[in-house]
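*Asks:* Pulled these from TrEMBL:
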ACT_SITE  108  active site, charge relay system
ACT_SITE  185  active site, charge relay system
ACT_SITE  373  active site, charge relay system
DOMAIN    100-412  domain 'Peptidase S8/S53'
């Protein structure tokens, strides 16, 4: 096939084919070779058509259409079809009048060309004379006026009985070649695209002013699509002018992703990717499928659902929505059905439920099928309208398909119900898409989609904000230049923040064999037209890609280093910017901006990291009032500092609090003038016994919370030490490493007022150094200008109120309850669906008891109690199917050797210490992990929260199971009572609100 340089080879038997394949694969001038394969033909989901009726008044029409069944065509107004027509100047009395040269190729089961509502909607081959039984354009097909058939025994060259001359499709060809739509699927699609409006019958299609080409690729005997037939159809369609292709077929997403099928699936993905790449000027719109299956599972298993998930810029995957503008789902034919979905796999949605459209005569000429098969041609038709707005087929370039894709994905109606279901979370809007395309065509400016409505961090609800960029690195080997993080050959490498309020991207920490994502939010205060200039060095423009909102930027390159693009920002607010690249150490991208009021290209300070994560949720925090002003420090020791060179371990040994389990202490302030002062602060004064006398390096974290207060301006932090990393509310603020520079300042950080912000300061330091270690802060001199004078940076210990710690009033501490408070809840459901946590503190329990007060006699140890209760000894009449239990206290002690274990029949057990998970057993009763600190040194009258959670335990819990926790022993048994964790009334304390009576009498049966 001349256009694509693709060739189809046939062999008489398998042995000959294998010889041919072996020889072809030896050739260096062949890009790829793949054996032919088939995909399933599409099927409709049969549902009750009445279920799709919106029950709403139809929108005010720009066009007075007389098609009687438009009242049944709820989707027509929903996607604002006539709004698109109005913008394009479609004739109001005869909307079928052709307005563009755009042709939509429909690779499906054919079409009933004599359907009265489809007459006039089909492309007409200008080189062919209808009905003269000649091949006028010399392409083998006789009378291929509306298209051609590429399947069946007659029309597929892989059949020994093929006769391609008999495979043209025209008005009267059925009479002599028998080619028609026996399946009816293609006829339904044809109605969605081009049913004739204002003819007094049926409905109106989305793009009646364009034309659709029939590309029949379904085998009528087996209802399958052969890849070779699809290749020939697309080659034909492209040669005849089609630049939009509708493809409503794919695998069965429920059953196909198996190891046995994977080689075939991989071959299909490679084949379609190469095919689509060959036809780079065309957009391929593919159906997501109807198996109600997450395609994220396919992606995570490195499977490709073809053609929907084919990784090319000119593939658009379409999912389905319903009349309620939620994701399409039905229960049909005794099974779940509905659109397949996936946050990174399915691009957008379109109506798919109860789609009234044309049908074959045998089925009554009209029907209301459901499925993404009908959402797909809807999007393909609008894609055709968009292409016509951009100038038509003659203006299509290799960049055009992605422009159309961007417009469709960013101009649809944003629906909260589609969040995390489709990549764009949008449902098709034809008028919006055409409006965006016209703006681009008339001004050469891309209209970008705003992410956040508001021009300050507070206005958009950010908890933490600063002017900076996030750099996220992946390691791997460059292969195909895919600009995303889904390539399984790449693995996460590092993450850091670069402090820059403008858009100069450089200072690369890594080089070759890496992929980098750089992201921030651009604040736009004045809407209007903007110009963007980029000057690149150390990289070529094919190795990076930039998006603003949901639009990929296409630069006009003045030379090898300088490019330009013009943008229209319709609203004030924050716009997300992402840049993917394959960088080297020398890579630099310098972006400069024109504004609506300043024609000069300048660096602009508009860029913000916005974090919307609040402080850690208090699921495991009773939130006592007497929170101490202190830092909780947990650390380990090491005997060399070379480990902390960032290339070796800088990012690995950070942001994992489970690593730090040798020591813990509390200090009033984490700011030390020298390593010796740090040592005294951590270990105490006098003779300190370290784990190894050779150790001189400590590494760990210091955690605290800022008490709620009003932040009228930003604050900046001074980080001191050779290796530091600061997180606020889980957002990385800055990392710093230097053995020669003693300290650095962060940018101004904007914090939400009235919130208890959580701070983690990770550090590695040398105890034999005279350099300072710690953290200080200062108010910014303006909202975004940090101070630079050292004397302005001071301790902020007086602003602290540390969660998960208790500092009771010394005058009343003697009267406080001691030991553990325990609660239980009757659970619902199955232990096979385990909840993430028990109910939060404050949830009224069904049962309450306290240790040592309610300790069974056999477990008493003097005035204390060993944690080993068989629940029937406390609650003999409870017969719950599912148990959830929590015991908690404030403790100034440690687990012996940092080790614990718990008894649990199927279910989950967690131990949480000072807000950090220090032990977990995830349901099998055998596998567990310990992360608890071994040695504890707290200030007087300071206690940390210890929570023991048994989540969703089975029905044997009350009859034979025991509430056992072993202290310092991981191999204990139920009779080893001396190893049980024992209450310690001198070191375990509770707030007054924790005291509660022994409560169980009113609960005596399963719930």
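Glycine is no exception: its Cβ is also placed from the backbone N, Cα and C atoms.
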*Asks:* What's the number of neighbouring CB atoms sitting within 10 A of the CB on residue 185 (active site, charge relay system)?
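*Replies:* Around the Cβ of residue 185 (active site, charge relay system), 27 other Cβ atoms lie within 10 Å.
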*Asks:* To the nearest Å, how far is the Cα of residue 108 (active site, charge relay system) from the Cα of residue 185 (active site, charge relay system)?
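*Replies:* Answer for this pair: 7 Å between alpha carbons.
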*Asks:* Tell me, how many other CB atoms lie within 10 A of the CB of residue 373 (active site, charge relay system), whichever protein chain they belong to?
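*Replies:* Looking across every protein chain shown, the total is 30.
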*Asks:* I need the CA-to-CA distance for residue 373 (active site, charge relay system) versus residue 185 (active site, charge relay system), whole Å please.
*Replies:* 9
*Asks:* Using all protein chains in view, find how many other C-beta atoms are within 10 Å of the C-beta of residue 108 (active site, charge relay system).
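*Replies:* 30, counting other Cβ atoms within 10 Å of residue 108 (active site, charge relay system).
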